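Beneath this line is the structure, given in structure tokens, with notes to follow.
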Amino acid sequence: MPEIRLRHVVSCSSQDSTHCAENLLKADTYRKWRAAKAGEKTISVVLQLEKEEQIHSVDIGNDGSAFVEVLVGSSAGGAGEQDYEVLLVTSSFMSPSESRSGSNPNRVRMFGPDKLVRAAAEKRWDRVKIVCSQPYSKDSPFGLSFVRFHSPPDKDEAEAPSQKVTVTKLGQFRVKEEDESANSLRPGALFFSRINKTSPVTASDPAGPSYAAATLQASSAASSASPVSRAIGSTSKPQESPKGKRKLDLNQEEKKTPSKPPAQLSPSVPKRPKLPAPTRTPATAPVPARAQGAVTGKPRGEGTEPRRPRAGPEELGKILQGVVVVLSGFQNPFRSELRDKALELGAKYRPDWTRDSTHLICAFANTPKYSQVLGLGGRIVRKEWVLDCHRMRRRLPSQRYLMAGPGSSSEEDEASHSGGSGDEAPKLPQKQPQTKTKPTQAAGPSSPQKPPTPEETKAASPVLQEDIDIEGVQSEGQDNGAEDSGDTEDELRRVAEQKEHRLPPGQEENGEDPYAGSTDENTDSEEHQEPPDLPVPELPDFFQGKHFFLYGEFPGDERRKLIRYVTAFNGELEDYMSDRVQFVITAQEWDPSFEEALMDNPSLAFVRPRWIYSCNEKQKLLPHQLYGVVPQA
């Protein structure tokens, strides 16, 4: 775009003796036009063009002005104030803060055709009026560094660019601008040309290794050496990155194993890493039932099946199939992660304990669900059972992960140790007349039954529930034939001592009932021991849909109690203050930060911990207004 030349200055409202308005006519960028003194709010200058031109773009270099406006007029009509038209609306060059601090006074802005007023830009003019203003600062004079006007490009120049070299004068130096279309070296040109030349060759390079890999694979099919097969596997994939090799899981290895010759399958099985067997201690869990079934009736070491390979991703959803879990004592986000892992393994989830529930995964003892399930004889395990099953990709016996606490009883031990696979749902004991003869009939050749001790005979009772307890402990000892017999004796002795304290008054010292079990009258202990056949009580969920946040310090273990109550009544605890929080539980007095929280969320309610305790005592939702935290007068 050709630059429009300026002829002379028609008029100027204010100018400095050194930095006069004529400096705008010169090409030197260091010559400026400034006001005569500081404190003026508006100054203006009128410039005469050489001829009438259509202005296509304007370049303005600032020198301390906050706003600049450009107007155009014609000298033929007298060019009065009313004859000027706005070409460039008032544009900002400095913000108020920049004006007061004096920062960025020489900002340059280029206004193209889209920034100019179209009606004025389409006409021809020979006079330009520039108005500068600075209302924010009175400390220093202001003005312009330079102004450039450009006419529209010619059609011939747009079609065929001019080959002449333009020269820009910058102070005492002249900058020569060369045509960008000239063939010259650019930074990185040789590098990109080398890549373009070598790219066809690199595209055909993988053909060589693939052919060699196919030849090696065909020649090694007859050999049965496993090292050669591994070398083939490494040669057939030369482009595979180490990062990709690390991501190969065991499932992909199992998929590749059937494709190998049968002779290579047998030596590869023993080389798989085996998990260390758990050491047997008096507190260890019994052997899984499927291993016991293979050993029953045969000497040790015969009939044992080889270790099954770890389950792949396609079998991951069948590991805990048939298991229904209930969570207790966990907080989000770990609660949701544990639930997702259990569902990924094929288990089902229930928010509360139901008849089809099989396992209660508890974070710690003495939670409300823990006491409920313990009274119903359910199975309570630790979270490590689900985590280890997910990590090992196979179903582990849940006996190793049983919760050990003061509330455990022989009925719980019986439910946790009995069953075929060790993971079936616990069932209540059934009354059967031939219960006393079961331990003798169930004894196999691999687990010899020793004669009952006097203490066991003394512990015999006509009460059918107590006989079932003795049977459960004895059958446990039979199932654990590989364990030490001392554990079974200690367990029988402990149960016998417990039953001895509950003997009915009419029973003799030798353990025989004088009524021979013919009486229909039940004792108080029997009624107390028999679990009632009632539906599982469900906890109220009056906190459902409500979000809580614990703020500040709480004395003692009050925070843990509040978390338990809110979780038990189906409330949601937030880890941090968010828009979802509805109730803020705090033991402190009114805090100034509460007012800021109310400004962001007017529906917030600040309550005392006593509200949670009262809701637990009444087992219903009470009005929180009676327990609110209010500002002190």
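Glycine too: its Cβ is placed from the backbone N, Cα and C atoms.
The model shown is predicted, which means the values in this text are computed figures rather than measured ones.
The phosphoserine entry in Swiss-Prot, when matched to the candidates SER13, SER57, SER204, corresponds to SER204. Swiss-Prot marks one residue of THR18, THR235, THR440, THR488 with the annotation phosphothreonine, and that residue is THR488. Checking THR367, THR453 against Swiss-Prot for the annotation phosphothreonine singles out THR453.
Within the set THR296, THR354, THR437, THR457, Swiss-Prot records phosphothreonine at THR457. Residue-level annotations in Swiss-Prot identify, among SER99, SER259, SER416, SER259 as phosphoserine. Per Swiss-Prot, the annotated phosphothreonine among residues THR168, THR202, THR279 corresponds to THR202.
Mapped onto DSSP classes, the domain 'BRCT 1' (315-403) shows 37 helix, 15 strand, 37 coil. For the domain 'BRCT 1' (315-403), the model's pLDDT averages out at 88.
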